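As written in TrEMBL, here are the features:
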type	residues	note
DOMAIN	58-487	domain 'Major facilitator superfamily (MFS) profile'
TRANSMEM	94-116	transmembrane segment
TRANSMEM	123-142	transmembrane segment
TRANSMEM	184-203	transmembrane segment
TRANSMEM	215-235	transmembrane segment
TRANSMEM	269-290	transmembrane segment
TRANSMEM	318-339	transmembrane segment
TRANSMEM	351-372	transmembrane segment
TRANSMEM	378-406	transmembrane segment
TRANSMEM	457-481	transmembrane segment
Amino acid sequence: MCVESDGCEIEGCSSSDEVRTLSGSMSPGLKSNPDLHPCKPGQKFRAALLRCRSPAAAAGILSFGNILNYMDRYTVAGVVLDIQRHYNVSDSGIGLLQTVFICSFMVAAPIFGYLGDRFNRKVILSCGIFFWSIVTLSSSFISKEYYWLFVLSRGLVGIGESSYSSISPTIIGDLFTNNSRTMMLSVFYLAIPLGSGLGYILGSSAKEAAGDWHWALRVSPVLGITAGTLILLFVPEPKRGSADQMGGRIKTRTSWFCDMKALAKNRSYVFSSFASAAVSFATGAFGMWIPLYLARAQVVQKTAEPCTQEICSSTDSIIFGVITCVTGLLGVVIGAATTRLCRQKTERADPLVCAVSMLGSAIFICLIFVVAKKSIVGAYVCIFIGETLLFLNWAITADILMFVVIPTRRATAVAFQSFTSHLLGDAGSPYLIGLISDALQQSYATSALWRFLSLGYALMLCPFIIVLGGMFFLATALFFLDDREKAEKQLNQLSRPSSSVRV
């Protein structure tokens, strides 16, 4: 049995004499006391909710929310050709959609990072989900005369989604440690490619089923509101650092200025943030442009006709979405397994695995633009291998941050890493690629072949950025052990009763 805080007795709380805590440890159960009184129905319901707040359930709910986060983000990309025709905008105008979204996302991220280190995190997460779901649903009713309003709505969605991406990994970091944390973060970051791929599939399927692309934006909001409710009910709010060896005894908290100063001096954090920016640059550009690039390739190969109908073919978006889901699963699983195996050989395994996967990915991504003109199947094969290698590092990068940053500033660290990666990455890459493509098309007479080639030449910038990201991961490996040791020492200092701690 369990005892509620108001002194009532809850029957059937546990089948044994032990009670499982958030961190997974077991403590002796409380014995029955004759002074206790039976619980009221409302108290029993609350107790039932508390029993469901296990770390594994919380990680599952947060991962589900992250799937919806990226599903909502890439639903627009799944119907990008329809949006372009509906609003009659150029490549750069379409690229502006993702750029505005990411700009608002990255500006809001540091604010939510600050709030996430100081206030109730699950309430912030739920409010963010409710906000972006309502805005996404509302944007599906914007008429073709108000494209600027549609662009603005994507910016508002970015604000809501930034709260989730900045805060949710820190809750998982406070519920698990070591290999368990690596595994749970792998599941959580698996949601990025899985949600992205499902976004393409959902957008394309909803459009074809309803005969109207606007319905692509009316499904994910319902799921988002469901996820927000589950977070409020079943996700606990663990103490910051409760899962770490000394985290549960933290007595002092550093100021925001001190946190930022420490993060700026943390070389592993800085270099891994730059590497994340390279990944974001490539994934942002690919997510927006690859389905359109492959559609243009088929027109060049004369296996498809240019879209002149109200509803364009979604085959490429669906195939690319399925590939993104599968490669995301393979990449995260292979990355976690490879890192765990390599940790037995070297303590620098995390950044080294990321570096090797990035450099390998650049080779196959470069091959996409070589073979796409002759073979769509060959292009899909290169996309499959290149994305798998690129997705290897998502969960590992988050784990690197958990190792080198103390618990009380992790939300701030995640938020500013997100800010940096988006500022230097996908905030500008979709628009930049579209701008380069438009400029190249204006240089020569417009034709189906030149529209295809101009977009391919613009996308060739991505492999070079990915190679640069691999170099940053190699730099991270040089300082990883020193920064991890410093984080452990700082955690010990913050755990002391003394109020004056220098970090």
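Here the Cβ of each residue, glycine as well, is placed from N, Cα and C on the backbone.
Here the transmembrane segment (318-339) sits apart from the transmembrane segment (457-481); fewer than 3 CB pairs are under 8 Å, leaving out pairs fewer than 6 apart in sequence. Same-chain neighbours of the transmembrane segment (94-116): 73, 76-77, 80, 83-84, 124, 128, 150-152, 154-159, 161-163, 165-167, 170, 256, 284, 287-289, 411-416, 418-419, 422-423, 425-428, 430-435, counting only residues six or more beyond its ends whose CB sits under 8 Å from a CB of the stretch. Across all of the domain 'Major facilitator superfamily (MFS) profile' (58-487), the predicted model scores a mean pLDDT of 81. Proximity of the transmembrane segment (351-372) to the transmembrane segment (457-481) is established through 3 or more Cβ-Cβ distances under 8 Å for residue pairs spaced 6 or more apart.
Within the chain carrying the transmembrane segment (215-235), a Cβ under 8 angstroms from the stretch's Cβ atoms is held by residues 49, 52-53, 57-58, 61-62, 64-65, 68, 71-72, 75-76, 78-79, 122-123, 125-127, 129-130, 132-134, 136-137, 139-140, 171, 199, 202-204, 206-207, 209, all 6 or more beyond its ends. Non-local neighbours of the transmembrane segment (184-203) in the same chain are 55, 59-60, 62-64, 66-79, 168-169, 172-173, 175-176, 213, 216, 219-220, 283, 287, 291, 314, 317-318, 320-329, 331-333, 335-336, 387, 391, 394-395, 398-399, 402; each lies 6+ residues outside the stretch with a CB under 8 Å from one of its CB atoms. With a threshold of 8 Å between CB atoms, the same-chain residues lying at least 6 positions outside the transmembrane segment (378-406) that come near it are 169, 173, 181-182, 185-186, 188-190, 192-193, 241, 263, 266, 268-269, 272, 275-276, 279, 282-283, 286, 290, 294, 297, 319-320, 323-324, 326-328, 330-332, 334-336, 338-339, 350-351, 353-354, 357-358, 360-365, 367-368, 371-372, 413-414, 417, 466, 473, 476, 480, 483-484, 486-487, 490-491, 494.
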